[in-house]
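Undergrad: For reference, Swiss-Prot lists these features for the protein:
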- Ser67, Lys68, His140, Thr141, Tyr258: substrate binding site (BINDING)
- 1-26: signal peptide (SIGNAL)
Amino acid sequence: MRNPKLKNLLAPTLLSLAMFAGATQAAAPLRPPQGYFAPVDKFKTGDKSDGCDAMPAPYTGPLQFRSKYEGSDKARATLNVQSEKAFRDTTKDITTLERGTAKRVMQFMRDGRPEQLECTLNWLTAWAKADALMSKDFNHTGKSMRKWALGSMASSYIRLKFSDSHPLAQHQQEAQLIEAWFSKMADQVVSDWDNLPLEKTNNHSYWAAWSVMATAVATNRRDLFDWAVKEYKVGVNQVDADGFLPNELKRQQRALAYHNYALPPLAMIASFAQINGVDLRQENNGALKRLGDRVLAGVKDPDEFEEKNGKKQDMTDLKEDMKFAWLEPFCTLYTCAPDVIEKKRDMQPFKTFRLGGDLTKVYDPSHEKGNKGS
């Protein structure tokens, strides 16, 4: 530009425009990936629905639960059958709520029966009114249950909130109650898991960040979104040059299983961040891709993990298709190799309550296979 006066006049204007563009993006309402906007498949009527199961009692007690690895050494890799049963028994109402919410939302998005929606909202509203899962009296397993439950519920709820069918339009009072409860619980989850030392930051922190990301979108809270992104960055910066997570390698014979378990929350956070204008794919030189590739290679040849930590790997968990639900968001973030796509197709649909239900319907709807796995 040859005219210096004009250049000086324009400079502040261009700066203002750039600042305005940034502010507009920051102020734009948070949203989930496009698949969450899907309308209800069809609206059925009549008496073919399953009815509403008995509501699990809202859990308002102390979040003090026994760990299924009780008595194990530092590796936390040996299952204690007795304490696992005690854990399952004492947390039964919570997991019933999680599973029931995901199941009913999936059914409603398929069948559109009003009673399916009402059942879900009644459960969530009752737990919200009781201020459930908010106890400040908790141990590590207790605060873990809180963030798992929040992630399950908030990610299922998002499918209702953002659906183009607007199922919550006639249920604004319940929606406000539920969202206020999610919001308060997310604040507690942040408090529970914030700023842990790196040696104690592992898959639990990633799952906590996922629950906060899902809540951020459900309640349009940018502060929660930013915290989830911060925790994501801490997580993927733990991935080494070969795609290993040092803290998960400590899990001895379960190291590969725990590397795989770390992937769903990280892939979901990256996917949700991406749609809101924050590209996390290249963080730590594409660490998420490196981790995913390492796990897929390990599933083919577990000896890679045995060579790394000296322990023969327990492959039991990795025989369950739904443990690979992370492939749905992962293969939209990165270009997956043909053999990975083929593996994904064989295992679809991916339905997992901790990620809000049917991820294939959200990320790869043309390969959804009806009721399989519901």
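A Cβ is built for glycine as well, from the same backbone N, Cα and C atoms used for every other residue.
Context for these features, please: burial, neighbours, distances.
TA: Ser67 (substrate binding site) falls within neither a helix nor a strand when secondary structure is assigned with DSSP, and so counts as coil.
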Undergrad: Three-state secondary structure of Thr141 (substrate binding site) from DSSP?
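TA: In the DSSP reduction, Thr141 (substrate binding site) maps to helix.
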Undergrad: Taking each of the binding-site residues His140, Thr141 in turn and counting other Cβ atoms within 10 Å of its Cβ, which one has the fewest?
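TA: Relative to the other binding-site residues in His140, Thr141, His140 has the fewest Cβ atoms within 10 Å.
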